[in-house]
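Notes to accompany the following structure.
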Amino acid sequence: MAVLDRDRIDGTTTPGATAARGAGTRVATAVRATASRAAGGRFSGAGLLLAAVATVVWSGSFVTSRALHDSVPPVQAAFWRWIVAILAVAPFAARATWRQRRLIRRHLGFVGLASLLGVTVYNTLVNQAGLTTSAGTMGMVMAASPVLMALGERLGGTRLGPRRAAGLLIAFTGVLLLVGDGSPASGPATGDLWIVAAAVCFASYSALLKRRPAGLGGPALLLSTFVIGALMLLPAYAVSLAVQGGFEPTAGTLGPLVYVGVLSSAVAFFAWNRAVELIGAARAGVVYYLQPVCVALLSWALLGEELGPLGLLCMALILGGVVLGTAGAGAGARARAAGSPVRTRGAGTRAPGAGRDPV
């Protein structure tokens, strides 16, 4: 302390003081780096686990959509799914939603678009595809969503390097072969087109979550999108009811609706939204490529569906393209988890997640 005090008084610096300050700086830097890695690891681990939970649960929803195709009309299945989901989420999210009602009203455009993409359109398209497309095919096409997420990030300003571009090309080659029944030039089945459109909707929804308004909590966002999405479906539901009639409420119809309403909607959406917040849409999408494997196993065990050689080839192309196209996509997310500032276009530097409530 005497040496340091003399340095401050006479303005000189001794070698011992310089070495001490340098050592102190190195120790502080090492401590911060270790803490950052630990924090990043915790966030990444939790985010990956939540993404895996959502992926496995959603895999079952493709099987249930296929199982319901001859007993419940697609729009009616989608509508009652969200009614069940609202009842499941409301006890936990109603209070938070009411507290944030002004914030929701202020950002009604964002909430409305998220409701349209992730609730109203996406699930209805999946149910429509289930009329004519196997659960395995639906799962494989939906596996291309991570590549679409990466492409969406490129359109938003993120650089798309050669590796990700190659992954995009490989994955879409697999999708084209799958929907073209072995030849990209072949005309796809109608159900295949429906599930491709659903994949685009899901990718857009996941990318949109990254723009969630500051302060809008996950439970409030979840319940508000479910309610608004169900209201958007109401006119189509009324038309379907008038034209096609209702469905018979049996164990074979109510059981799958409870599954997709409680697990696939409430639990899986909660887990996915939180995963995207923790590790980003692109990195969560890497976990999503497990879905076609889960769907294939479930559809084989429960529905007797088989992939065949072409299906296995397409799965390899899609999964290979997804892994290649999204490799390294979580670097920015790891920096965010560690608390590093992120510079956004036209916006200076901010701490990611600042002002956001946890999901």
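Just so you know, glycine gets a Cβ as well, placed from its N, Cα and C.
The structure displayed is predicted, hence computed values, not measured ones.
Pulled from TrEMBL, these are the features on record:
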type	residues	note
COMPBIAS	1-10	compositional bias 'Basic and acidic residues'
COMPBIAS	11-21	compositional bias 'Low complexity'
DOMAIN	46-179	domain 'EamA'
DOMAIN	190-324	domain 'EamA'
REGION	1-21	region 'Disordered'
REGION	340-359	region 'Disordered'
TRANSMEM	46-67	transmembrane segment
TRANSMEM	79-96	transmembrane segment
TRANSMEM	108-125	transmembrane segment
TRANSMEM	131-152	transmembrane segment
TRANSMEM	164-180	transmembrane segment
TRANSMEM	192-209	transmembrane segment
TRANSMEM	221-242	transmembrane segment
TRANSMEM	254-272	transmembrane segment
TRANSMEM	284-303	transmembrane segment
TRANSMEM	309-333	transmembrane segment
Same-chain residue ranges lying at least 6 outside the transmembrane segment (284-303) that approach it to Cβ under 8 Å: 47-48, 51-52, 55-56, 58-60, 62-63, 66-67, 134-136, 138-140, 142-143, 145-147, 149-150, 206, 272, 275-276, 311, 315, 318-319, 322-323, 326-327, 329-330
Remote residues contacting the transmembrane segment (192-209) - C-beta distance under 8 A, at least 6 residues beyond either end: 110, 113-114, 117-118, 121-122, 125-126, 128-129, 133, 137-138, 141-142, 144-146, 148-149, 151-153, 156, 175, 178-179, 272-273, 276-277, 281, 284-285
Which of 46-67, 79-96, 108-125, 131-152, 254-272 contacts the transmembrane segment (221-242) most, counting Cβ pairs under 8 Å: 108-125
Chain residues outside the transmembrane segment (108-125) and at least six past its termini with a C-beta under 8 angstroms from it: 74-75, 78, 81-82, 194-195, 197-198, 201-202, 204-205, 208-209, 211-213, 221, 224-226, 228-230, 232-233, 236, 260, 269
Chain residues in Cβ proximity to the transmembrane segment (79-96) (below 8 Å; excluding those fewer than six residues from its ends, i.e. six or more beyond): 72, 119, 123, 217, 219-220, 222-223, 226-227, 229-230, 233-234, 236-237, 257-258, 260-262, 264-266, 269-270
Positions whose Cβ lies under 8 angstroms from the transmembrane segment (254-272), at least six residues beyond its ends: 50-51, 53-54, 57-58, 60-61, 64-65, 67-68, 72, 77, 80-85, 87-89, 118, 123, 206, 218-219, 222, 226, 284, 359
Confidence summary (mean pLDDT) of the domain 'EamA' (46-179): 86
